[in-house]
Amino acid sequence: MKNEFLNFEQIDRATWQQLHRKTTIPLSQSELNSIKSFNDRIQLHEVSDIYLPLVNLIHIYRKARKDLNFTKSLFLQKTIKPQPFIIGVSGSVAVGKSTTSRLLQILIARTFKYAKVELVTTDGFLQPYAVLEERQLLNKKGFPESYDMEKLIDFLDKIKNGYDCQIPVYSHEIYDIIPNKTQEIKSPDFLIVEGINVFQNPQNQRLYVSDYFDLSIYVDADVEHIETWYLERFQKLLTLAKNDPNNYYHRFTQMTYPEILSIAQNTWKNINLANLEKFIEPTRNRADIILHKAENHEIDKIYLKK
């Protein structure tokens, strides 16, 4: 693991929080609670200590991108039209990517006045349940072959070139793409793309999703902690599904606790852990920034690519 981080500056929490002058946190604890994943934990001091310095760094990266585009336009002797600043957020299932992404969306929108900040998840680019079932890929859901990567790359290419797009929407409740529902993305100043697969090797070996990113962030944690968080999340999903027969997880609520635990542990080991070890974690060093979370969900180390 040490060799993997040779090209990164390791910064501890105490040092990182000093890299941004103390300002008023631009959201309340109730707002924070409303955007966090239901099995995640985050307090306002995490916003102040970790995320405000991170937004400051995003400002630096964005300015560098704009300066480069301006210089390129002088070199090419033509105008380069404005492009959205695209941020990729990756990491394991249950590690807290969604909380990080939603929080960044709010903080960026409130830091860059008048900026339009959109967030999409790659869940919307999963193949529909029926397609996965037909191809016998239900046990590979979340693996590279379960996504329509061409559609994802086509979306990013269109957005980068100034086109409006409509993309599918995924529901964890029905465990499938929602029929006849789309998310419209129109001329964002910032676009956050969150998903377990955003740094992975392309199927055609020529074009990476991450080729479109101006900044990439990997949310990391020790495997044993992620497993605990996953099992907690599975149990909470069942609690939410208890009175909803249409919820995918409702079928598990009729089982005994040992049966439920066995299913959750097997799903973690055979699907999520296997996917993490083979496809997700090996892409970690492609990130510009790695946020490492401790057992209490707080970020204790930050790795910044040199």
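Glycine is no exception: its Cβ is also placed from the backbone N, Cα and C atoms.
Quick look at what Swiss-Prot annotates:
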BINDING   Gly91, Ser92, Val93, Ala94, Val95, Gly96, Lys97, Ser98  ATP binding site
C-beta crowding around Ala94 (ATP binding site), within 10 angstroms: 24
Residues flanking the ATP site, with Cβ no more than 8 Å from the Cβ centroid of Gly91, Ser92, Val93, Ala94, Val95, Gly96, Lys97, Ser98 and excluding those residues themselves: Ile196, Val219, Ile226, Trp229
Spatial neighbours, same chain, of Ser98 (ATP binding site) - Cβ under 8 Å, 6+ residues apart: Ser37, Asp40, Thr121, Glu194
Most crowded position, judged by CB atoms within 10 A, among Val93, Val95 as binding-site residues: Val95
For Lys97 (ATP binding site): DSSP state (helix, strand, coil): helix
Residue with minimal Cβ packing [other Cβ atoms within 10 Å] among the binding-site residues Gly91, Gly96: Gly96
Number of Cβ atoms other than its own within 10 Å, given for Lys97 (ATP binding site): 24
Cβ neighbours of Ser92 (ATP binding site) where a neighbour is any other Cβ within 10 Å: 25
